[in-house]
Structures are given as structure tokens and as C-alpha cells.
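All remarks here apply to the structure that follows.
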Amino acid sequence: MNKLVCAAAALALTVTVAEAATKVGMITTLSGGGAGLGIDVRDGFMLAIKQSGRDDIEVVIEDDQQKPDIAVQLSDKMIQSEKVDVLTGIIWSNLAMAVVPAATGQGVFYLSPNAGPSQLAGAGCSPLYFNVAWQNDNLHEAAGAWANQTGYQNSFILAPNYPAGKDALTGYKRMYEGGLAGELYTELGQTDYAAEIAQIRASGADSVFFFLPGGMGISFLKQYADSGVDLPVIGPAFSFDQGILQAVGAAALGVVNTSQWSKDIDNETNKAFVETFQAEYGRLPSLYASQGFDTANLLISALDKAEPADKEAFQAALEEADFSSTRGDFEFGPNHHPIQDIYAREVIQEGDVFTNKIIGVALEDHADAYAADCKM
Amino acid sequence: MSAVLVIEQVLNGLQAGVMLFLMAAGLTLIFGVMGLINLAHGSLYMVGAFAAAAVSAATGSFLLGLVSALAAAALAGAVVEMLVIRRLYASDHLDQVLATFALILIFSEGTRWLYGSFPLYLDIPAWLSGPTRLPGGILYPTYRLALIAVGLVVALGLWVLIERTRLGIRIRAGENDREMIAALGVDISRLYTLIFALGAALAGLAGALVGAIQSVQVGMGEPVLILAFVVIVIGGIGSIRGAFVGALLVGLTDTLGGIFLPELFKFFTDPATAQSVGASLASMSIYILMSLVLIWRPTGLFGARA
């Protein structure tokens, strides 16, 4: 169904902008359990394109079904037969690793609205690759820093057993200065956390850090709230984004989470973004939507200055990051990853909607730990 | 490792086991009686969870949600049996796998079309939330105790149904010799629809009960389906008693393996290695259990047929 709608949308675009100067390929997840993220990125991206009023940008949208092999097929098709100038859209790090090096190797620009695996920030960086969201470790590092600021001494930390889960615990430990009451890797896609919660109860920890994206986080938080363990919980924004919070409900109230974006960041761009997104789609935007929106605006700002065909000029135009971000200050580091503030947010209830409120800055003008390994 | 932690983990294993039983019971009945591999059983689990979430959000009553989960899953099961499955009894297993896999995709995208891509909210009712203090000072979530109780009651009910009622006699007869009971004048196609709907209702009930402590989202049924297949292979295909014993074995092995294997390896190696080796072995433990059972008894613990 989604595929149909997208195909129709893409078709409509093709028809109305027959003489599109720039072709953008978006490969993102629009079906399956992770579809919420891709849909938010797509909607944020398309909102910015629409607001720009430009009819010389054609966006081709395809669903990768969260499968690396499909993503590779789609990128081959987009590069070779659609002849796109710029690729974007991938949500998951394993898919990004399968697509990005090959795409940049063929001379196509890639703007990442989400995934930021450490390999692409360090030794595997590319002049044509830009990450507009974060390097994977960033939000976890901010959680570690916030734990220090709050005075936690003995955290119990857990994440799923896959690359991004390991990055998460590494990121937390890079900043966190206290001791560890326990460290656990759970199965990817696990839905029952009773055994882990029993271990947390028995561990004598003073706080819990977890990275469990998507449905895993919903399950964990509901079970945790019901278990009678009342240690403070901290985590990255992925388990507390706007799409998920409504499903967690009151169990998430008061939880602190770290994010580079929040709907209450006080600047004109962000206010307008939250308002227009809500008007357009009838729901509050998530951090993924803000990342899609910023990615599109970055692209538009660079197109104002140069053509993608002129690689050096277009790369320089992207490096300037001359657009007004929903995050306020935004600039790229030497490895084309953001240098930005990361906030601590608390889950609150506004009327009958659960959402986040900024309670402080966890890390200011934070860059990633891999920039030194990047030789462009 | 304290006794309290061990008892708590045994309870967790039991709870996981009885919920698996609800899934596996329907699967094993359908496989045993009709000889049909139904990959879409996980979708019926999801249908139950979504129905419960939608109805309890609209009415505010968790119990009404449960009732509607049973009804919706049974209805979906009956409709699917009459429209699709009925044509597959004579086909070989590959056709059945293909067709029921298509059903998974149809159910998933249909659900997304109806409810959107974001997970739904379904919570424990207030009267079952929070922990209960058990003898010995163990704090255990009340809702999980309720799940164990519901699972045991359903298991007992199924036993009575199969062993003590006329319908049960027909089901057992259908398992043994379907041509013969058809020749004896039993309306076999109605019996099949009924069994399919019963299995679907149990899956829907499990989905609704578990959905309240997990996330109600598209695709939630497939991981459980894999475990349920492991259960019926261990228990012996077609055997309700086998499904019960198999489900408890799988639930307990899965939960306790994750806790004790890393501890066990700490006797031999350093803690970090023990943790990683133990954790990887733990995630394999139910499949190791399955292989051991199959080596010992190739038809499963209570399986009659090869």
C-alpha cells in the first residue's frame, strides 16, 4: 500500500516536473516494523521540498523493507537507470554500510538523515558523504555526560547484541565516570525483559541506561514500570520519539532522554517546522522528521550555490551548511558529521499527548570521536 | 546469586511458557488434525493484540478488549480457513507454506493500512498493575501472575475439551483417520473450520494478553511463531499435552539459560568471556534442547506419528 502511494507520489512528481534539474533518490523503510521511522524522515523531507516551492527537484522514493539486499538493489537501480545525483533516506546502519560506500564510490552524493555508523565517520569517510543527523555514538555519549551531571555512581546498562547496540554502550561508557552495576546485551528483537529486570533489581544499581530502539523499548519500559523497580532511567531519544511515546503511555513519564532535537527548541525555524508539520500530516513531528526536514533544507541550500554535476563546488556548498536548521546552531566537522548541542529531555504529558520537554544541555557543540581517523 | 532471583526467574520462565502454550496449542491442533503448516498463525496473534488495543482504547475496559481479541481472531481464522486454507488441504506442504506466507504479508500490510505504522497503546488494567509480594519477600508483577493463572486455566479447559467432550472425540478421530470419520458422517469441513477458529482464538488471546506488557505493532507475531514451532516439534506434532510440556520446557530453558549459563562459564574463564560465550549459548539453548529431544525421540516427546 505504502509502496503504491509512494510510487504514485513519485509519478506525480515526475509528471509535474518534467524538466527537473536535480534528481534525488530516497531509499528508506516504509513497510515492516521499522516503517514509522522511514515515514517520518520521508514526510519531513518532502515538507521542506514543498515549502521551498522549487519545481526543479525530483524525488524518487522507494521502500527498502529494512533489508540490506533490497537497499543495494534499489541504489543500483537509482544510480544506474534513474541517474540520480543525490541519494538519501536510509534509517538503519547495516543498510547504510551496504549502500553508502558503493554509492559514493560511483560519484553520487549521499546525505544521511539518520544512520551514522562509526566506520563512515572514521577511516571509511568520503568527501561525498554527509551525515545530517548524528554519529551513532553521540546521543549515548550525551546520556553518559548527563548521568555524571546528575550524580549517578552505579549504572546498570543494557542494549541489544548488534553493532549499534555495542556502539551505544561504548558511547555511554566513553563519557560516564561512575561504576557499572551490570552490563547486558539482550537479543535483537527481544520482547520480554522480565529476566533482565530481575537482574537489575538484584544488582544494587542507582540508575539504568538502556538503548532499545522501536518495539523493544516499548516492551522494556512497560514491564519496567510494572515491576516495582523504581530506579531512574536514562536513554537516547530513539525509545522516546513522538511515534513511540503514545504506545508506552504513562510508563515513560519522567524518563530522561538525550536528543539533538526537541519540539521545544526555541528558534523560528523549529517553531514553523513543528506547526507546519502538524498542519500537513496531523501529528507531532519526531526527531526523525526533523532530520528529514534538515536534510532537505541542506540540499536546497547547496543547490542554490552549485550543481551536483560540479562535484567540488557542490561539496563545498554542502560543507558550508548554509541553511537554518531546526536545531539552531548546526555545522559540519572535518569528517562531514554534525557538531551540535545535545539536550537532555524529560517525558511529560500535554493534555492527553505524551511528549518531551528540554531540561538541560547534556553536551555543548559536541563532535564525534572518530573525526581524527578520517582522511579525505 | 540469591534464591529470590532464582525463584523470580523460574516464575518468568513459567509465564513465558504458558503464553507460548496458547500459541502452540492452536498450531499443533491445526498441524495434527489437518496436516497443514500455518505460517499465518502469528498474524492471528497480531490480530488479537490489535483488536484488544482498539477496543480497550475505545471502551476503557481491558476485559472487553480481551473478549474482542478472542472474537476477532476466531472470526479472522474462520474466514481465512473458508477462503484460503480449505483449498490447501490436498496440496503439498510447499504450497501451504507459500500461501500462508502470503497471508502474513496481507495481514501485516492490511493492519498497517487500518492502524498506521506506529505501535498502538495497550496497557495492563489498574487492578492488575504493580507488583505483589509473594511469600519469602519476592516482589513479582501481579499481571504476570495473572498470565500464569490464565494459561493454566486454558490448558485445563483444552484438556477437558479434547478428552471429555464429543467435539474432542471428533478432533482426536480426525487426527487418526480423517477419511474414516468423514465416512462415518461427520461434517469434516465444519470440524476443520471450528478447529481453525479455536486455534486462532487461542493465538488472539495470547496476543492480547502479551500485548499489554509488550508493544502492539505490525509484525509482532513472527518471532513468537518461530518459538511456537520449536515447541510443537519438541512436544510432538498434534499433541496438546506435548505442546504444554514443550512450551514450559522452552520457556524455562530460554529464561534460565540466559541467567545461569554466563554464571556457569565464570567457573572456567574470565567474566567478560563467560558473559559473551554464555549469552551466545543461551540464545541457542532452545534449539540445542530441540535437537537433543529429537535425537532421543524423533517424533517429539508425545508425538505419535513420524
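Using N, Cα and C of the backbone, Cβ positions are placed for all residues, glycine too.
Annotations in TrEMBL come from automatic prediction, not curation.
Taken verbatim from TrEMBL:
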type	residues	note
TRANSMEM	B:16-37	transmembrane segment
TRANSMEM	B:44-63	transmembrane segment
TRANSMEM	B:69-85	transmembrane segment
TRANSMEM	B:97-122	transmembrane segment
TRANSMEM	B:142-162	transmembrane segment
TRANSMEM	B:191-213	transmembrane segment
TRANSMEM	B:219-237	transmembrane segment
TRANSMEM	B:244-265	transmembrane segment
TRANSMEM	B:277-296	transmembrane segment
Surrounding residues of the transmembrane segment (B:219-237) on its own chain - C-beta under 8 Å, 6+ positions past either end: 20-21, 23-24, 27-28, 31-32, 39, 41-46, 49, 104, 108, 203, 206-207, 210-211, 243-247, 249-250, 254, 286-287, 289-290, 293-294, 297, 299-305
Result, the transmembrane segment (B:191-213) in contact with the transmembrane segment (B:44-63) (3+ CB pairs under 8 Å): yes
Tertiary contacts of the transmembrane segment (B:97-122) (same chain, 6+ residues out, Cβ under 8 Å): 37-40, 42-43, 46-47, 49-50, 52-54, 56-57, 65, 80, 84-85, 88, 208, 211-212, 215-219, 222
Recorded stretch that, among B:16-37, B:69-85, B:142-162, has the most CB pairs under 8 Å to the transmembrane segment (B:191-213): B:69-85
Sequence-remote partners of the transmembrane segment (B:16-37) [C-beta within less than 8 Å, at least six residues beyond its ends]: 44-45, 85, 88-89, 93, 96-97, 100, 147-148, 150-152, 154-155, 158, 171, 174-175, 178, 192, 195-196, 198-203, 205-206, 209-210, 224-225, 227-229, 231-232, 235, 237-240, 242-244, 246-252, 254-255
Spatial neighbours of the transmembrane segment (B:142-162) far in sequence, C-beta under 8 Å, 6+ residues away: 11-12, 14-15, 17-19, 21-22, 25, 124, 128-132, 168, 171-172, 202, 205, 209-210, 212-213, 240-241, 244
